[in-house]
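Colleague: Structure below; questions to follow.
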Amino acid sequence: MILDGKGLAARRLELLKEDILEEKLSPTLATVIVGDDPASHMYVRMKHRACEQVGINSVNVTLPADTTTKTVLDRIRQLNEDPDIDGILVQLPLPEGIDTESVIASINPEKDVDGFHPLNMGRLMTGLPGPRPCTPKGIMTLLSEYNIPTSGKRAVIVGRSVDVGRPIGLLLLHADATVTICHSKTENLAEITRQADILVSAAGRAGIITADMVKPGESVIDVGTNQVNGKLCGDVSFSEVEKIAGAITPVPGGVGPMTIASLMENTADIARNRCVHFM
Ligand SMILES: Nc1nc2c(c(=O)[nH]1)N[C@@H](CN(C=O)c1ccc(C(=O)N[C@@H](CCC(=O)O)C(=O)O)cc1)CN2
């Protein structure tokens, strides 16, 4: 079964649009992008397009690649203090030389639509309500909408990044999965991934997950967005793994669109001032 993130995200955006209208919400999202990485600019454009689609106002702050950390912090302080701004996100990665941790920590945690602020990461860790990082949240939505059970199941995550690997591990743990997080130093990776009921690959390496690493029936979630010869592809060797997996996300059209849908949901939730997303 192909897990159609593109279709599901489109349906969720439609529902959100109706909710925003009905509740007479008028949320405003501010995006901050530093430098000229083409992929980052494309993702920010996609976010603004989604805002327009669902009725969220949006403003963008673009800063040149040679901007100092202090200038970024000053700009975020202004957004924090602006009562018209509900949500703030800083598009990652930031150019080398900018202190990413200080920048993220400077966002008002109550406006942190990405859920990356250390306070919100702590809320995630403890299971307290708060905005959840968008890609992990989107994966949990996909699993639940396709009725893929997590409770008591073995989840294996490949990649321990702060924005995807670790938070999806925590969300799956809160959903009663038995979680293993693998990384570049993991020995016998294939042996571990073959034990999974749910395999999430967020390694950022094209084709790292091959058919011999997947057991029949496994659900395979591909978070990779790798460019190979100018073509977008995931971490999973899709054509061979598709034949073995019980469920699999494509790239494009899987996790990516769910990331954007989750961002819209987080922005609306923050505007409602009720972050109720326990997952
Ligand atoms: N501040 C953030 N920075 C980054 C995040 C994030 O959640 N917050 N995640 C990624 C990039 N990202 C959103 O920012 C993102 C990546 C991919 C997609 C997506 O829909 N991709 C499409 C394909 C698009 C294409 O044609 O290339 C798909 O997979 O179908 C959306 C958002 C890193 N930075």
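Positions of Cβ are set from backbone N, Cα and C atoms, glycine also.
Annotated domain 'Tetrahydrofolate dehydrogenase/cyclohydrolase catalytic' per TrEMBL: 3-114, in sequence order. What TrEMBL records for 133-273 is domain 'Tetrahydrofolate dehydrogenase/cyclohydrolase NAD(P)-binding'. The feature NADP(+) binding site is assigned by TrEMBL to GLY159, ARG160, SER161, THR225.
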Colleague: Using DSSP reduced to three states, classify THR225 (NADP(+) binding site) as helix, strand or coil.
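Modeller: DSSP call for THR225 (NADP(+) binding site): coil, neither helix nor strand.
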Colleague: Fewest other Cβ atoms within 10 Å: which of the binding-site residues SER161, THR225 wins that one? Let me know.
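Modeller: SER161, out of the binding-site residues SER161, THR225, has the fewest neighbouring Cβ atoms within 10 Å.
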Colleague: Tell me the residue counts in helix, strand and coil for the domain 'Tetrahydrofolate dehydrogenase/cyclohydrolase NAD(P)-binding' (133-273), as DSSP assigns them.
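Modeller: The counts are 51 helix, 28 strand, 62 coil.
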Colleague: For the domain 'Tetrahydrofolate dehydrogenase/cyclohydrolase catalytic' (3-114), DSSP counts of helix, strand and coil?
Modeller: 58 helix, 19 strand, 35 coil
Colleague: Let me know the model's mean pLDDT on the domain 'Tetrahydrofolate dehydrogenase/cyclohydrolase catalytic' (3-114).
Modeller: 98
Colleague: Within a 10 Å radius of its Cβ, which of these binding-site residues (GLY159, ARG160) has the fewest neighbouring Cβ atoms?
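Modeller: Output over binding-site residues GLY159, ARG160: least Cβ neighbours within 10 Å is ARG160.
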Colleague: How many angstrom lie between the most widely spaced Cα atoms of the NADP(+) binders GLY159, ARG160, SER161, THR225?
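Modeller: It comes out at 16 Å between the most distant Cα atoms.
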